[in-house]
Each structure stands twice: as structure tokens, then as C-alpha cells.
Amino acid sequence: MHTNQLVDPFGRRITYLRLSVTDRCDFRCTYCMSEDMQFAPRQQILSLEELYAVADAFIGLGVRRIRITGGEPLVRKNLLSLLQRLGERDELDDLAITTNGSQLAEMAAPLRAAGVRRLNISLDSLQRERFAAFTRRDKLDQVLAGIDAARAAGFDRIKLNSVVQSGRNDDEVLDLVEFAVERGLDISFIEEMPLGSVVSHSREQTFCSSDEVRQRIEQRHALVRSSKVTGGPSRYWQVVGTQTQVGFISPHSHNFCGDCNRVRVTAEGKLVLCLGHDNALDLKRLLRAHPGDSERLRQALTEALRLKPERHHFATDEQVQVVRFMSMTGG
């Protein structure tokens, strides 16, 4: 018999899975991957059936929230078939997707119909040239059209994600908040994760803390702490007089590890117990050596959780903490 929940050595119960369905993306965001990124051969990527087997095992062990990530998850062929199966799982309290928004104009309504409840959409700039510099793609209008389509599709909540960098887009914080407020969206501001080596900028020089961002917002808006809990690392503040909540993801300035309730599985089937550590369990090898053996998979997950570290040790200097890019991990 297997236990019906996953608990790490520090007593934290794991209820949230971030499941990457592809390492591929139609953008090349400077903080996420290199321009000449080499993607994994397709045979190394988990099949949709294998992805469902992983999700099913986690659900059987008490996971109640699943977020589908990438790369860009919406470029994965036949993704809707996986989402429909997950959307039918009554045990799940939440099925969400993180996307760059490029495919949402066509995909928003089918995603909602498949059972996706919440969307996170990356948006680092409202200025066309700056957006193109961040993403290395001139597709801001396409993303904005996708946001409009998502609003029309009737998701429970839509949240924007903005990575803030000093001297690159920190002057747009208020504009991004206004954009969210006008559309009834939430927004999270993110301190850049030190994953992979970047050449486009110096992370030390572009670091912008969540406290700095919040102070800028409070120059125009009153913020009050929110009790909102989504299962992720954001800490939320309500913009007084609006529907908008502002979140802050602060891996550097406000370590969020103490109540970590999540793990990641990469598109290649690696179980990542912590963003800040390279240790990973190869689930793909197990899945392909013992197809259909759900009990063996659950046992492997339970044993792996004994190795989950207490916290990461991210730094803001140029030392690369983890060698994999965010796109390889699952955003």
C-alpha cells in the first residue's frame, strides 16, 4: 500500500505539481534561454500518455493543484487531449497553465472548455521595441490579442507575470499595474531567477527587489495585504478599490521556501525537488522500463521526496547557481 500524501523531511506536504510538457518555445526570452537554444530530441520528451501517468501518480498521492508549463506549453501538439483528461479529475482543485500568450487568440476558448481554470500570462513590457528586446520576437500585438481572448473565454482568474529588471523595464511597473487594473487582472512581479548563464545582461546590475517594486506601486495605489493563497510562491496585496491583486515572487529578497508545497517534473521526465538544486530523479527511465506500473511510480515519488532540500541558496551575483535554463525546468 502507498501513503495518500507526499511529505518532505521538513514536514511540508506536497500538494502542487508544475508539469512541463515541452522544452520548446516560440519566444527566446533573454532571462529564460539562449537565442540558439538546442532543444531535446523528441524521443527524449515524455509522451502525453507518460505525462498523464505522472500526473495521475501525483494526484493519487494528494496533489490537488497542477500547473502546466513549458517551454511554451501551447506549442505542444495535441495538448488539449491531456488537459481534457486532467480536467475530468474531480480530485483536482485547480488546473492552470503558464503561457507567453502567443497562441491564446486561438487557444483560449478550447483551453477553458478542456477544464483549465486559471492562466498565467508572461508580459514584461507594453512597449513594442522593448518587448521584442526581451523576447527576441516582435509579437506584442499577438500577446495582447491573446489576453483579450483569454478574458472573453471566462477563466476563473487571469494573472500577468512580469520579470522586473532595473534599467530595462522597472520604469513600466506602474503602467503594467494600470494595464491589469483596467482589465480586472492580477499581476505578479518576479525577481529574476539565477538559472542558466546569460550574456544579454548582468544579473547583478539589473536586479530589482520586490520591495522596490512595491514602493513604486504605492506611490500611486494603496495596497493592503491579501489572504489570497494560490499554492505558488507569490505573496499578494490588494490594490484598494479594484479587483486586482498584485503578487511578488521574491527568491532573493524574501525567501519563500519555508512553506514550499510544490515540485516540478520537466518535459524530459526529471523530477526537480527544488529550483535551486540540480538534483533530479529520472522518472522517464522508470516509466519506460515499467509502463503501466503506477504503484512503482508512486513508491519512487514517495522515496524521492525524502531528498527535498529545506531551501534554495540563490545569490544575486554573477555566480551561476544552477546550470539549466528556466525553459528546461518548467516555468
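Along the chain as shown, residues are numbered 1 onward.
Yeah, the Cβs are placed from backbone N, Cα and C, and that goes for glycine too.
For the GTP site, Swiss-Prot lists Arg18, Thr98, Lys159, Arg262, Val263, Arg264; matching the candidates Arg67, Arg128, Arg130 against that entry yields Arg67. In sequence order, Cys274 are the binding-site residues from Cys29, Tyr31, Cys32, Gly71, Ser122, Cys274 with a C-alpha within 10 Å of the C-alpha of Val263 (GTP binding site). In the shown protein chains, 25 other C-beta atoms lie within 10 A of the C-beta of Arg67 (GTP binding site). Taking the Cα of Cys274 ([4Fe-4S] cluster 2 binding site) as the reference point, the closest of the binding-site residues Arg18, Tyr31, Gly71 is Arg18.
The closest partner of Cys260 ([4Fe-4S] cluster 2 binding site) among the binding-site residues, by CA position, is Thr98; the full candidate set was Tyr31, Gly71, Thr98. Put simply, of the binding-site residues Arg18, Arg67, Thr98, Arg262, the one whose Cα is nearest the Cα of Tyr31 (S-adenosyl-L-methionine binding site) is Thr98. For the binding-site residues Cys25, Cys29, Cys32, Cys260, Cys274, the greatest number of Cβ atoms within 10 Å around a candidate Cβ is found at Cys32.
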